[in-house]
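**Q** Below you will find the structure I want to go over with you.
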Amino acid sequence: MALARDAKLESDTLQVLQDVANRLRIHSIRATCACSSGHPTSCCSVAEIMAVLFFHTMRYKQADPEHPDNDRFVLSKGHAAPILYAVWVEVGRICESDLLNLRKIHCDLEGHPTPRLSFVDVATGSLGQGLGAACGMAYTGKYFDKASYRVFCLMGDGESSEGSVWEALAFASHYNLDNLVAIFDVNRLGQSGTAPLEHCTAVYEKRCQAFGWNTYVVDGHDVEALCQAFWKAAQVKNKPTALIAKTFKGRGIPNVEDAENWHGKPMPKDRADGIVKLIENRIQTNRNLTPKPPIEDSPRISMSNTKMTSLPVYKLGDMIATREAYGLALAKLGQSNQRVIVLDGDTKNSTFSEVFKKEHPERFIECFIAEQNMVSVALGCATRGRTIAFVSTFAAFLTRAFDQIRMGAISQTNINFVGSHCGVSVGEDGPSQMALEDLAMFRSIPNCTVFYPSDAVSTEHAVYLAANTKGMCFIRTTRPKTAVIYTAEENFVIGQAKVIRQSAVDKVTVIGAGVTLHEALVAAEELSQQGIFIRVIDLFTIKPLDAVTIIQSAKATGGQIITVEDHYREGGIGEAVCAAISREPDIVVRQLAVTEVPRSGKPSELLDMFGISARHIIAAVKDTVMK
């Protein structure tokens with residue numbers, strides 16, 4: 001494709017871009033030298049790419065990096081963070097002297113970028129995830145904001161071995177994300193040796209083309225070729241573009257360029273000054289280029305009206321699965337705010353997110369069976385507060401995306417996860433479908449609220465609370481139908497449990513959630529007929545846990561607690577309760593949980609086989625009382 005007249009570049013512009021690239025190299029070398037760690041060679045391979053992107057191609061407001069109309073940039077190869085910080089020194093947002101505090105505890109210029117910095121949308125550094133997040137940003141720009149901003153993602157060639165990269169490539173082409181450009185920094189070298197394809201740019205190109213992408217192979221150190229390729233990419237419709245840049249690690253550094261064993265090593269201090277002087281001698285001007293301003297056409301949005309529009313419609317005793325109640329609540333939530341979106345991994349007819357899709361099809365994203373990418377896409381969609389994202393699949397399959405979820409926490413995201421088909425109550429499908437580790441996983445995530453509703457009414461409240469809660473949330477839903485135990489007027493608060501059965505003569509406090517709460521209620525009724533009374537607590541949120549209610553109830557019942565959960569013992573409800581009462585010497589906790597890998601069977605059979613049915617609760621209560 002020939003360049004249009006306005007895309008032609010003057011020689012002085014090209015020289016300024018090359019000079020900027022070399023200044024970026026110098027900043028990266030000095031910063032990593034100052035902290036005696038970091039990745040200057042990985043920075044040097046992308047210096048021209050970064051110079052062209054930020055000072056020629058991208059449109060953004062220098063003084064407002066978070067502006068909704070700015071082009072987006074994701075540094076998927078997060079170890080090259082120093083050169084990103086160097087860019088913002090050249091832009092004027094960071095003092096050059098601050099670079100010398102790179103990686104120091106009092107400085108936000110960390111070893112890998114995080115959103116502590118206003119110009120970073122998502123944390124990176126765990127490789128292979130940046131493109132998925134960029135897909136979410138691009139999808140939001142094209143389909144929700146319907147805006148002009150574009151998204152650029154810079155990746156390393158080593159990380160292209162990650163399967164999540166190819167999940168993202170498939171997603172982007174399926175949804176025709178022509179506002180997305182992925183840049184492969186093909187510098188040949190990985191951390192401990194060569195990358196698998198080394199400099200075979202033709203293979204990268206064929207693979208990207210096979211995934212439905214428009215492609216350009218360029219010399220990644222030729223600023224004019226880069227400018228032309230980015231301009232061409234902007235003209236392409238209905239396809240994302242992959243720019244495959246042949247580069248050299250450590251470019252511009254004598255005896256280091258394209259040499260192995262320099263990954264993650266700063267330049268020796270006795271050589272650094274000489275290297276910097278050499279690069280400075282290549283710089284012909286101190287001029288800079290002013291980025292083009294963005295096209296301001298993103299809609300102005302508000303999240304303040306994300307409220308429960310009406311009370312739940314369920315009646316006491318109605319039988320409905322919490323997974324179905326989730327779908328119905330989500331559809332209702334979607335009516336209150338047009339920025340509520342839902343992502344699912346080809347399980348919408350099981351998680352019941354299909355109810356939302358039927359009412360709001362334009363806000364439903366089918367991510368197919370690619371859970372890692374689904375989480376990254378949601379992360380991208382939620383950046384800059386553009387959407388309220390719910391992500392649903394079987395809870396067992398969310399474990400596959402634990403690293404993406406972990407990085408979401410580092411990114412300070414507000415994604416809401418919903419995992420269905422939890423525990424042995426899944427039944428005949430067997431252990432591969434049963435989430436028995438999910439509570440442990442989400443409890444370990446910083447600032448993550450963990451909901452475990454026990455009926456349809458509490459599920460609806462959990463959905464609305466999650467939508468309005470800062471940080472990540474996880475809602476655990478179950479497959480079998482359970483009875484509605486709360487009236488429509490019942491109020492729910494994060495961190496407050498419900499004492500749903502009590503008397504003045506209770507002997508034991510039994511704590512459950514989900515299906516085991518209903519087993520506890522059955523046990524309580526049968527025990528009462530035998531003259532034994534127990535207190536039953538519905539936790540509602542596992543994190544934060546209502547320690548006050550638990551301790552008060554335990555002290556009122558002789559210091560005796562029994563926890564019962566459809567989850568492995570490790571990391572579940574029992575351990576959470578034990579932690580909550582750890583400073584109470586007179587309280588004893590007995591845990592009923594799944595203790596081995598289960599098998600197929602009817603839900604009731606499995607609850608009984610693995611010791612968490614009403615029968616086992618009754619036996620545990622009697623044993624406790626007898627002691």
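Heads up, the Cβ atoms here are built off N, Cα and C, so glycines get one too.
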**Q** Among Asp157, Asp219, Asp222, find me the residue Swiss-Prot lists at the same Mg(2+) site as Asn187, Leu189.
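**A** Candidate in the recorded Mg(2+) site: Asp157.
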**Q** If I go by Swiss-Prot, which of Arg384, Arg386, Arg476, Arg479 binds substrate at the same site as His39, His263, Arg323, Ser350, His421, Asp429?
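**A** Given His39, His263, Arg323, Ser350, His421, Asp429 bind substrate in Swiss-Prot, the matching entry from Arg384, Arg386, Arg476, Arg479 is Arg479.
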**Q** What does Swiss-Prot list, out of His79, His221, His461, as binding the same thiamine diphosphate as Ser42, Gly125, Ser126, Leu127, Gly158, Asn187, Lys249, His263, Glu371, Phe397, Gln433?
**A** His79
**Q** Within 8 Å of the Cβ centre of Asp157, Asn187, Leu189, which other residues of the chain have their Cβ, at the recorded Mg(2+) site?
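**A** Nearby residues not in the site list: Ser45, Gly156, Gly158, Asp185, Val186, Arg188, Gly190, Thr194, Ala195, Glu198, Thr247, Lys249.
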**Q** Between Asp429 (substrate binding site) and Glu371 (active site, proton donor), how far is it from one CA atom to the other, in Å?
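**A** So the Cα of Glu371 (active site, proton donor) lies 20 Å away from that of Asp429 (substrate binding site).
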**Q** Of all the binding-site residues given, namely Asp157, Asn187, Leu189, which is spatially nearest to Arg323 (substrate binding site) at the Cα level?
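**A** Nearest listed residue in space: Asp157.
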**Q** Just counting, how many other CB atoms are there within 10 A of the CB of Asp429 (substrate binding site)?
**A** 13
**Q** Between any two of His39, His263, Arg323, Ser350, His421, Asp429, Arg479, the residues recorded as binding substrate, what is the biggest Cα to Cα distance in Å?
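**A** Among the residues the record ties to substrate, max Cα distance equals 49 Å.
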**Q** For Arg323 (substrate binding site), what is the secondary structure state per DSSP, taken as helix, strand or coil?
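**A** Assignment for Arg323 (substrate binding site) reads helix.
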**Q** Give the three-state DSSP assignment (helix, strand or coil) for Ser350 (substrate binding site).
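**A** It is helical.
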